[in-house]
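The structure appears right after this line, and notes come after that.
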Amino acid sequence: MLWLLALIPILAAPAVFLRAGERRATLGIAAAGVLAATLALAIWAALGGWSGQLAWSGALRLQVGLTDFSAVMAILVPAVALPVVVYATAHEDSQGLKRLIALLLLFVGAMELLVIAADLLTLLIGWELVGACSWALISHRWRDADNPAAGRYAFVATRLGDLGLFLAAMAAFTGTRSFAFAGLGQLDGPLQQLLVFGVLLSAAAKSGQVPFAPWLFRAMAGPTSVSALLHAATMVAAGAYLLIRLHPVLDSAAWFGPVTIGIGLVTALAGGTVALLQPHAKKLLAASTSAQYGLMFVAVGAGYPGVALAHMVSHAAFKALLFLGAGIAGEQAGSFELSRMRFARTLPYVTVLSAAGALALAGVPPLGAAWTKEAVIAAAGHAGPTLAIAVILAGGLSAAYAMRFQYSVFGPGDEAGHSAKPPYRLETVMLALLALACVALGALWLPGVRDALEQGFAASLPAFKRWETIGSLIAVAAGLYAGLLVARRDPALGGDGALAASADWLGLPVAIHRLVVAPTSQLAQYSARFDDHVIDYTVGRIAAAATAIAQTGWHFLERLADGLPEGSARWVALGGEDSRRLQTGLSHHYFALIAIGVVVLTLILLAGS
């Protein structure tokens, strides 16, 4: 039964594409029905503790199962996808809409397969399907040549990290003769280190951590609904989820915690800086995604995967909300440039709903995202006070870019020249559902909820320290003020000049091009020339020499092979002719030959004596 979590949306995707028709309402009803069924099944499976397996061969089995953490994720994926996909049926261009909805359903099914996987082979199948779907979705508007190029960039960048997961799977099978998660704890020595390294590499690439972060900007070429689902609950979430799911195994490597914290902190601080400087609404949110998943990496590295999962849930709600709100504003402005927006008067309802997401992103209490951020700070503080201070600084940056986004996109301003087209009511309703989720998560602050979470999920949560909470609130207040100043004084900050490179991941794409892409391309060119001028030339000369030897041998050996038997036969024939001449039939000839023979024999004997 658990397989149905993945199979329902996967099988529904071609059915929707082939049979749903072109009407938005029909597509919306079909997609909503599929995702609602998937969500209901996920809740049922979580309550029932379902599992299953499928025999691949005599030695290999595809296994699925739910832990406490994976059950939460299995519910989260369709819960976020439902409003996002329904929004897509109302918001996105009608051209290719049926294909887009089918791909989004396939995307959800692939992610569900990844989530319920209980072995590395099943995980790899889901992992690769998620990557393939992301490429197709980012490249959805393929008539614009830049979009397929962006899809290829994102696909290749994440594929480099995916090699780590293949390495981990090979290490696991070599050491345990199985891919099952349950047997990974048996690994030790180099195989264990390879497994941990491979999983961390693939997770960092999927979740847009440094140095893989720039692919998230390229992914913004896709439709808004794709960006929302990609960042909130599917592909980008897959990396952090993998670390949460396999944390007991990964934590057995002594270096895993410090390295994971380092990756997460660097990404959180760099991503926060980039987001604050980014003048493009969707790219600002993309950079913030890297930063927020960086905080999840910090929590996992500090030994609190439950905190990372809690922050993932809150992040999914507010990030999907903000992307969908940005999509409505971008359609009104005809651009995602922050300097061309400010729709407080034109879009009052969307403004209020987006504010709930922006405040959650900023970490303002009593929203649930503020609680999960404080939990990340406490987790970092458990590893060391310096780390807590660094996370507090990252939280201040979150508040700054959240305020810049909200004020630039939905602040008061001159809205002349903007489109007067109001958003569909259905779009606003979907935003309202996500905003309601952001507010509802504020229940995390209620007394007793913390204890209930620890008992229900058998996971420890770090104790909040007063100085950390006070420092965090000060950082949030300072960040909100700084973001407001940036949005008011220079709406186009980061669009050109010296800050433009910083806004593009602090020049990381240029560095990657110079240090990786250009040398690799040059090496490929040199290799091609070496192949043409050295290898091909050498092979050609060897072939010519072999041909010459063969021709020479052919002439010589043909004569030798033909001449030996023919010459032997000729000499035998001549000998036979001479022998026949001696056979005359006359007795006196024979007596003469005998006499000659006796004389010759006598002479030989005399000579010997």
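Just so you know, glycine gets a Cβ as well, placed from its N, Cα and C.
Keep in mind that this is a model prediction, so the values were computed, not measured.
As written in TrEMBL, here are the features:
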- 28-48: transmembrane segment (TRANSMEM)
- 69-88: transmembrane segment (TRANSMEM)
- 100-130: transmembrane segment (TRANSMEM)
- 117-393: domain 'NADH:quinone oxidoreductase/Mrp antiporter transmembrane' (DOMAIN)
- 194-217: transmembrane segment (TRANSMEM)
- 229-247: transmembrane segment (TRANSMEM)
- 253-277: transmembrane segment (TRANSMEM)
- 284-304: transmembrane segment (TRANSMEM)
- 346-364: transmembrane segment (TRANSMEM)
- 376-403: transmembrane segment (TRANSMEM)
- 424-447: transmembrane segment (TRANSMEM)
- 467-487: transmembrane segment (TRANSMEM)
- 590-608: transmembrane segment (TRANSMEM)
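Pairs of Cβ atoms less than 8 Å apart link the transmembrane segment (346-364) most often to 424-447, out of 69-88, 229-247, 284-304, 424-447. Only residues 6 or more beyond the boundaries of the transmembrane segment (100-130), in the same chain, are considered here, and those with a CB under 8 A from a CB of the stretch are 2, 5-14, 16-17, 20, 27, 30-31, 34-35, 38, 42, 51, 56, 60-66, 70, 73-74, 77-78, 81, 84-85, 88-89, 92, 136-137, 140, 162, 165-166, 168-169, 172-173, 178-182, 202, 223, 225-226, 229, 233-235, 237-238, 241-242. In summary, the transmembrane segment (69-88) does not lie against the transmembrane segment (284-304): fewer than three C-beta pairs, each 6 or more positions apart in sequence, are under 8 Å. Among the stretches 194-217, 253-277, 284-304, the one making the largest number of Cβ pairs under 8 Å with the transmembrane segment (376-403) is 284-304. The stretch with the most CB contacts under 8 Å to the transmembrane segment (229-247), chosen from 28-48, 194-217, 253-277, 284-304, 424-447, is 194-217.
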